[in-house]
Each structure stands twice: as C-alpha cells, then as structure tokens.
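The feature region 'Disordered' is assigned by TrEMBL to 1-42. Residues or ranges marked as repeat 'PPR' by TrEMBL: 123-157, 158-188, 194-228, 229-264, 265-299, 300-334, 335-369, 405-439.
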Amino acid sequence: MVSLPGPAVNHFRPDFNGFPENKKPTGATNVNPVREESFPIDDEKVRRERKEQVNKKIASQKAISVILRREATKAVIEKKKGSTRLFPGTVLEALHERIAALRWESALKVFELLREQLWYRPNSAIYVKLLVMLGKCKQPERANSLFQAMIDEGCDVNQESYTALLSAYSRSGLFRKAFSILEEMKNTPNCYPDVYTYSILIKSCLHFHEFDKVQSLLSEMVSQGVNPNTVTYNTLIDAYGKAKRFADMESTLVEMLRQRECKPDVWTMNSTLRAFGGSGQIETMEKCYEKFLSAGIQPNIKTFNILLDSYGKTGNYKKMSAVMEYMQKYHFSWTLVTYNIVIDAFGRAGDVNQMEFLFRLMQSESIKPNCVTLCSLVRGYAQNGKAEKIGGLLRYIESSDVTVDTVFFNCLVDAYGMMGCLAEMKGVLVMMESKGCEPDKITYRTMIKAYNMNGMSNHVKELRLMLSSVGKSDSRR
C-alpha cells in the first residue's frame, strides 16, 4: 500500500517573515504632536464639515425609512394580504428570492400579489424567469397557463419565452408537446428556434435516453442552417459518456473538431476524462488528457478532481499522489469535492490516520463537510474495524450544524452490520427518529442482511414486516 502525502497548506508566501515587532498603525501614535492652536481656523472648511454631517443624518433617516417600508412589505407578503401599495423593490426581491430557490408555489403567490399593485406593468423578463423556474420544478402545465397569461397581458412573445415553455415540457419528458412548440416557433414571426432552443431540447432527449430523437434534431439543425455550437457538442459528449456510449461520444468529438467555429474547451476535456476514468479506462483517459493539453486547453480544479477520483477508485495511489503534488506545486485550492474524493481514497487504502488528518485540515480551511464526507469517513472506519471512531464521529455531528439524511444513516447501518455491531446498528433507527429521518427499503434490507449473516432469524421476521409496510406506504403515494 502506498501512503499518499497530505497537502502542505500554507496561507502565507514563502518570503513572509512575520509581522514587524512593536509597529503600530500610523494613525494610532502622534509622532510629532502639534498643538491645534498652531493652525488658523478655516471657516469654509468648518461649514463644509457641518453640511456633510447634516447630509449624512438626512441620508441615514431616508435609509431607515426605506428599511422600515421594506420590512412592512415583507410582513404583508408573508401574510398574503391584498394590499395594492406595497414597496416595489421588496416585492420584486421577494419574487426573485423564491424563483432562485425554486419555491414555485410561493413564487406564483408573490407574482399574483405583484400583479395587484397599482404600479405594476407587465414585464416579459419576469414571465420568462417564472417559466424557466416552473420547467425546473417539472410544472409544464402551470408554465403553459403562465405563458397564456403573458400573451393576455400584451407582452411580446419572443424566441426566449417560447424556448422557456418548450424547456418546461421537455424537462418533464413530454416530447410530443415540446416538438409541437418547436414547430409553432418555426411559424411564428421573430420566434424561429436558434441553437440555444435546439440545445435545450437535445439535452432533455439525452437525459431520457431518447437518442433517436437527438439524431433527428441534429439533422434538422443542419437542414435549417442552425449550426451546433460548443455547448451543444459538450452536452452530447457528456451525455454519451455518462450512458457509456463511447463510440457516439468519440464520433461527436471528431465532428466537433471538424467545425471551425467550435473549439473544444475545458468542459469538453472534463466530460471526456470523466467518461473514460469513471469506467476504469485509465490509459485512454490519460491519452485524452495529453491530447487536450497539447491542444492548449488548460485544466481546472474539476479536471484534477476527475483524475483524483478515477485513480482513487482504481487503486492507482502513486498516480493519485502525483496529481496531488502537481496541485500543490501550482497552487490549486482544494474544494469540498477534492477533500471528499481524497478522504474516500484514503479510507479505501486503509490509511485511517491520513484520512483523519485531511478531515481536520478541511475544517481548518473553513470547508464545511457534508454527508458525502461523513459517509466516506464511516466506510473508512468500518473497513478497518474502528467502531469506536464512528462513535467519535457521531459525537462530532451532534455538536456541529452538519445536516445528515437517510443516505448517511443507511451508510451507518451498513458499517455497523459489516463489523457485527448489531446493537449499535439497531440503535441507528432511534437516531433516525430523533433527526426526523424515515427508514427506507435500503435501511431495512441492509439490517436484514446483517441479521441473516449472524443467524438471528427472529429479528429478520420483524424487519420483513417493516419492509413490507414501507412498500405499501410508497404505493399509496
């Protein structure tokens, strides 16, 4: 086993020799004190200073007034009262906050409140943002209703709004409707589909593995004189790679290289490396990496994360170490993803000390661990039979603000079952209840497997009943 070196993090430059001793800010000490009386009083200067103080007070009062009005408006929004004289900035701010958070129901209620205001004027840009949000939230019919309301209010329907509506249907896999909107766009003035429209539809088809539709759309783009761009090709390469359709991925990459207008970028490189590295084709991944570098494409932190993950999962710890040393040499800052990948790799390699060192280091770098981090630590401890270490990790979670979910608890159940700690495994159910997490089928199946391995059939019968009840509750939903 090769032990990977941890990154030597130093937040100061190598030539930094410490702070000067006994040196105070220049404004803190009067080195050459001079009496105020030594200078004549400038009346004009005094008047200017007084005027500035008055202006500051007025500005402060206005700011307080604005804040109070905003707070009052927020209170009305939360209570859903029908006031028609709300503060415009706050209503729009509340709407955009809900759109960004994909809280579609709340966003639509605030939008209705917005439309009731005396100062309201229909705005196409707001409608488009709402349409995009509804598409992401898989609410195509509501998006269609909103699109009709937009037309009824006299807003100009353009390519952008049509594309947002088409996206809402295609994201939900409703391709018949999406393709009918595409045809409608072709027959509507100033709404002809562009490369962005086609790219969105292609991405949705790829997501649902509708590969025949993808080829049809690409052919249509060529016949309509709409050339695919770098984003289109990157979308295709990434999707084909994830679906392990390597022949399609390579042919798309070759086609991209033939186009003078489309040049591969770091996204192209990352998608290609992820596809080959994720499937264990390390040699092919490395050859592609060298070719992209020779083409002048510079790697970013995501590139190195992909390399680290690929090497870690295939046990190539020497190469993984080389990537870490390169990142350290050229000052690539580690992200949460980087730490998660390397912590998981050390757990797999059985190097618990280095795994713990990295966990402490990420906290000292103010990088907050997530459930992926915690699951990697639990698996690492379990593989090395360190049940007491898992107890320490649980105490850390209790004293921190890290949110855990059912996936983490399932990992915990599996870890205790693997080590034969059946009492602790059963206690996880109590922990889940205290955290408001419902056990799922994976929870019960993992426990059943552990009890079967230890010949405890009486517990298995009880858990099978619980498992069947989970199935019934899921079917009712």
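Each residue, glycine too, has its Cβ placed from N, Cα and C.
For the repeat 'PPR' (123-157), same-chain residues at least 6 beyond its ends with a Cβ under 8 Å from one of its own Cβ atoms are 95-96, 99, 102, 104, 107-108, 111, 114, 164-165, 167-169, 171-172, 174, 177, 188, 191. With DSSP states grouped into helix (H, G, I), strand (E, B) and coil, the repeat 'PPR' (300-334) comes out at 26 helix, 0 strand, 9 coil. Within its own chain, the repeat 'PPR' (405-439) is flanked in space by residues 371, 374-375, 378-379, 381-383, 385, 387, 390, 394, 446-447, 449-451, 453-454, 456, 466, 470, which lie at least six positions past its ends and keep a Cβ under 8 Å from the stretch. Long-range contacts of the repeat 'PPR' (158-188) within the same chain, counting only residues at least 6 positions beyond its ends with a Cβ under 8 Å from a Cβ of the stretch, are 124, 127-128, 131-132, 134-136, 138-140, 143-144, 147, 150, 194, 196-197, 200-201, 204-205, 207-208, 210, 213.
The predicted model assigns the repeat 'PPR' (265-299) a mean pLDDT of 96. According to DSSP, the secondary structure content of the repeat 'PPR' (265-299) in residues is 26 helix, 0 strand, 9 coil. Note on the repeat 'PPR' (229-264): DSSP counts are 26 helix, 0 strand, 10 coil.
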